């Protein structure tokens with residue numbers, strides 16, 4: 001990618017200047033064109049990654065020093081990585097952790113010992129990496145990496161400089177052609193639950209997607225997966241055999257609990273138990289290597305009577321490992337935030353499988369709430385992006401019985417009165433989602449009996465305006481009204497229904513998009529945007 005001559009880009013060697021260039025790498029026309037080309041021939045962009053790495057002064061062989069735990073999957077890969085990182089950190093190791101996307105600020109993607117890297121470290125590493133690429137681009141056809149490629153290069157640089165003991169790497173999309181797959185010899189690989197997502201890139205069946213995900217397998221490198229659909233598991237097994245990779249299926253978490261008792265997890269939801277079990281196997285692969293050096297919290301194999309014959313072995317969980325599972329945090333995934341009388345349930349679920357898990361979690365939370373408090377209002381805040389099937393996702397949310405359903409684009413604050421085409425398209429999609437929801441509710445006779453007036457739905461121009469409406473705050477004069485047509489006006493916070501004004505407790509589920517959840521967190525947890533970590 002070549003920066004256009006007319007592009008106004010802040011090149012000052014500051015944190016803000018780095019963010020400006022990153023934004024350009026993500027949004028300019030050349031980068032978007034290359035991303036579209038990647039769909040037709042993803043191998044080309046993958047092959048280019050090695051060249052970009054060498055131009056930053058790092059060889060592929062040097063990445064072996066990072067002792068990488070490489071994780072892919074359709075849902076739960078970020079949570080699995082978070083569990084594994086927390087377990088290993090609590091066992092005394094200095095960890096690196098690379099994930100995507102970020103929710104509030106880009107530094108979240110690159111973590112040292114569980115914390116996003118500081119602005120100072122990010123800025124220094126960014127400009128060193130960027131200048132090396134700039135200085136060599138003329139001899140390489142003027143090419144520069146696009147956004148995710150650059151951040152992956154930056155993460156590798158930071159982890160090598162910081163001399164971490166091990167690194168947990170979450171795949172971006174797929175596996176076979178993901179730029180993180182430049183890794184030659186990870187320590188261990190993991191594949192979380194598989195399903196349909198990014199079908200235009202990865203294939204339209206779970207078997208095709210399984211083939212792509214299994215692309216991270218490496219000869220002689222152990223790999224673990226969770227229970228999968230038979231067709232997907234057969235593909236994983238076949239690819240593992242072809243590559244020469246020993247593949248095992250993880251035991252359920254109950255297998256560990258049979259020995260140590262109930263295991264408490266820092267992440268809510270029954271689906272996290274599967275992710276935690278995979279994380280334990282990935283962690284154990286590393287801990288086994290260092291077991292001889294450890295004296296206290298090393299893991300010990302379970303007696304034969306406790307083993308599962310059809311799966312890989314379980315093992316005893318040490319104090320540090322149990323602490324790591326319990327203290328795991330992962331923003332925007334089955335996360336609960338209480339703000340006075342309003343409780344927010346944030347989950348970036350955006351596939352049918354992940355929405356199903358989200359619904360189970362939210363309904364369990366509502367059952368517990370209704371047993372301990374007076375039943376309150378339930379509100380949905382929803383958006384989707386890309387190729388997501390909104391109707392399929394919204395249909396799964398019907399059993400939650402929302403009193404109000406709010407739709408808004410992934411824009412944290414109200415856009416200017418003169419909206420760009422892309423913003424207008426986002427608003428149109430929100431209105432389409434509203435119509436889909438209304439149609440689904442009209443067909444849901446059970447829901448109509450549950451609520452006399454049915455689930456009322458509203459469209460807002462941004463995340464902030466929706467949150468203001470929930471919290472009874474009037475929009476300021478600087479917040480312009482936005483309309484898509486003469487017969488549709490976005491609701492004014494001054495026109496609050498009596499039910500909302502009089503509600504004692506309000507539960508808000510924010511879901512459908514990680515970017516929506518990130519925008520909500522920006523307002524609900526403003527410290528995330530300003531705090532600088534060491």
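We number each residue from 1, going along the chain as drawn.
Cβ from N, Cα, C; glycine included.
Taken straight from TrEMBL:
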BINDING   100, 170, 198  Mg(2+) binding site
BINDING   333, 347  ATP binding site
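Taking a C-beta cut-off of under 8 Å and a sequence gap of six or more, residue 170 (Mg(2+) binding site) has these contacts in its own chain: 71, 72, 77, 78, 81, 98, 99, 100, 180. Every protein chain considered, the tally of other Cβ atoms within 10 Å of the Cβ of residue 347 (ATP binding site) stands at 25. Within the same chain, residues at least 6 positions away in sequence whose Cβ sits under 8 Å from that of residue 333 (ATP binding site) are 78, 79, 267, 346, 347, 348. All chains included, 19 other C-beta atoms sit within 10 angstroms of the C-beta of residue 100 (Mg(2+) binding site).
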